[in-house]
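Visitor: Could you have a look at this structure, given as structure tokens, before my questions?
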Amino acid sequence: MPSLTMTDSSYIGRFAPTPSGFLHFGSLVAALASWLDARAVNGRWLLRMEDTDPPREMPGARDAILQTLERYGLHWDGEVVFQSQRHDAYAAVVDRLFNMGLAYACTCSRKQLESYNGIYPGFCRNAGHAREGAAIRLRVPELIYRFTDRVQGEYQQHLGREVGDFVIQRRDGLYAYQLAVVLDDAWQGVTDIVRGADLLDNTPRQLYLQELLGFSQPRYLHIPLIVQPDGHKLGKSYRSPPLQAEHATPLLLRALRALGQETDPELLLATPAEVLAVARAQWRPEAIAQRTTVPEADLR
């Protein structure tokens, strides 16, 4: 896998929020990490809206996300990509995988599977169900998939034993995250993925799908999640407060500390653009803690 250079203009990163709510501090840490990692090597930073699940989308969230990123100085390159406009591309790949026998229809209910701890037992693997009204699962091999994360180090997962065949299209017709993210990263030419450590165990599934479709493997950097005292990550479902424009500078500095970066107290009087300019020049991804969570209470 190629290494990063100080001026790697071939670098293409991305931030891919879900418009199910407003951006919060945890979102900021992820966006800032991916932005800095791209800008520090003069790379491109793309923005993709992962809006494949309309029932979960919050009215006004799309525009609010764009406005918040702009007010915090996190400007992106090119046009925003909306996954809701990419359904034809997803459908073509699902059809291809199904017709090749690499995917199959699954009629299992959540209740049937709830005692299997998220590992699909293969009930429908050889059942030959019709596609109508069924989910589509991708067959996985009995293999271990490994990769080296730039922060978390070596990671491996036995797909067959630890995951099982996974859904690429839901029974309601909506496309699964695992499919959409792989297709869109390849289509956009993404070379580097910087995201939260909650997606670390998703990566082997994505590596397998990349391999199956002949895509290049990006570099991965999974940052620690910011968690509340009860251990839950900051998120929309826990009513984490949305980012406010008037707090941009102190929150950017706090996010930098969450990423292990040094901050100068004098920057509290700086503009967001000035904070980002300094952070970009001093970006050290190797300073990010090799852990999967950071308690919010530990951040001053």
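The backbone N, Cα and C atoms fix where each Cβ goes, and this holds for glycine too.
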Visitor: If I go by Swiss-Prot, the feature motif ''HIGH' region' sits on one of 17-27, 149-159. Which?
Guide: 17-27
Visitor: Looking at Swiss-Prot, which one out of TYR177, TYR208 binds L-glutamate in the same site as ARG14, PHE15, ALA16, PRO17, THR18, GLU50, ARG195?
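Guide: That L-glutamate site, as Swiss-Prot gives it, pairs ARG14, PHE15, ALA16, PRO17, THR18, GLU50, ARG195 with TYR177.
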Visitor: Between the candidate ranges 108-112, 203-207, 233-237, where does Swiss-Prot place the motif ''KMSKS' region' annotation?
Guide: 233-237
Visitor: What does DSSP say about TYR177 (L-glutamate binding site): helix, strand or coil?
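Guide: Note: TYR177 (L-glutamate binding site) is helical by DSSP.
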Visitor: Which one of the binding-site residues (PHE15, TYR120, TYR177) has its C-beta surrounded by the most other C-beta atoms within 10 angstroms?
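Guide: Answer returned by the neighbour count: PHE15.
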Visitor: Per DSSP, what is the residue count of the motif ''HIGH' region' (17-27) in each of helix, strand and coil?
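Guide: Split into helix, strand and coil, the motif ''HIGH' region' (17-27) gives 3 helix, 0 strand, 8 coil.
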Visitor: Out of these binding-site residues, ALA16, CYS106, CYS108, which one has the fewest other C-beta atoms within 10 Å of its own C-beta?
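Guide: Output over binding-site residues ALA16, CYS106, CYS108: least Cβ neighbours within 10 Å is CYS108.
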Visitor: At the level of the C-alpha atoms, what whole-angstrom distance separates CYS106 (Zn(2+) binding site) and GLU50 (L-glutamate binding site)?
Guide: 24
